[in-house]
Amino acid sequence: MVFGKRYRDKETGIIYDENGRPCKTCNIFSSFRNVAQQPNSSTVPEVKSNTQLESKQSSIDCNTNAIPDSVSFPRLPDVAELGRSTWTFLHAMAANFPKNPTPTQQNDMSSFLYNFSKFYPCWSCAEDLRIWMAKYGNSPRVDSRESLCEWICEAHNDVNERLGKPLFNCQVWSKKASELAD
């Protein structure tokens, strides 16, 4: 196993970061729970580096005195929950963007979107967004509320298409979203 690159374990489906640690935001909470509840025996996958060993041990050791299911505690969202919340946020933000933004507002929004694509908690999702944004014609359109709404919709459609979900009519969506914000 080579560290320094993010990857998904084919057996467990868990996504690991470049240091060999599970990406908590990218993985569904139940996946961590299942791995953590594995007995500390020969059924645990072979470990090929100290970093991987420490990672697997800490995930197991942290859960030996697990909190009962009846106790509520904060948790990170799984990737699907994170995605739904993110699209709600981005569509709402675009719908509330000024109809005629100043050059400063345009610059701020463009910077936000580029930075957002660098720091989004799901690294593979962030990378997909950066790749999409780098394609010709896909840089953020921030010259008006309607153009930003349409751009967010197109980005959302790119994700929906890869996931096999229905696509939005972005021209209709951007007009409706802009009207709702007024």
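Cβ atoms are placed via backbone N, Cα and C, with glycine included.
Annotated features in Swiss-Prot:
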- 75-177: domain 'ERV/ALR sulfhydryl oxidase' (DOMAIN)
- 81-87, His91, Tyr120, 153-165, 176-177: FAD binding site (BINDING)
- Cys122-Cys125: disulfide bond (DISULFID)
- Cys153-Cys170: disulfide bond (DISULFID)
Among Arg84, His156, Arg162, Lys165, which are binding-site residues, the residue with the most C-beta atoms within 10 angstroms of its C-beta: His156
Spatial separation of Cys122 (disulfide bond) from His156 (FAD binding site) - C-alpha basis, Å: 15
Surrounding CB atoms that lie within 10 Å of the CB of Cys170 (disulfide bond), all protein chains: 18
Separation of alpha carbons, Cys125 (disulfide bond) and Lys165 (FAD binding site) (Å): 16
C-beta crowding around Cys125 (disulfide bond), within 10 angstroms: 18
Integer mean pLDDT for the domain 'ERV/ALR sulfhydryl oxidase' (75-177): 93
For Cys170 (disulfide bond), the one of Glu81, Arg84, Trp87, Cys153, Val159 that lies nearest, given that the binding-site residues are compared by Cα: Cys153
For Cys153 (FAD binding site), the number of other Cβ atoms found within 10 Å of its own Cβ: 24
The domain 'ERV/ALR sulfhydryl oxidase' (75-177) - residue tally per DSSP class, helix then strand then coil: 73 helix, 0 strand, 30 coil
Integer Å distance between the CA atoms belonging to Cys125 (disulfide bond) and Arg84 (FAD binding site): 12
Rounded to the nearest Å - Cα separation of Cys153 (FAD binding site) and Cys125 (disulfide bond): 16
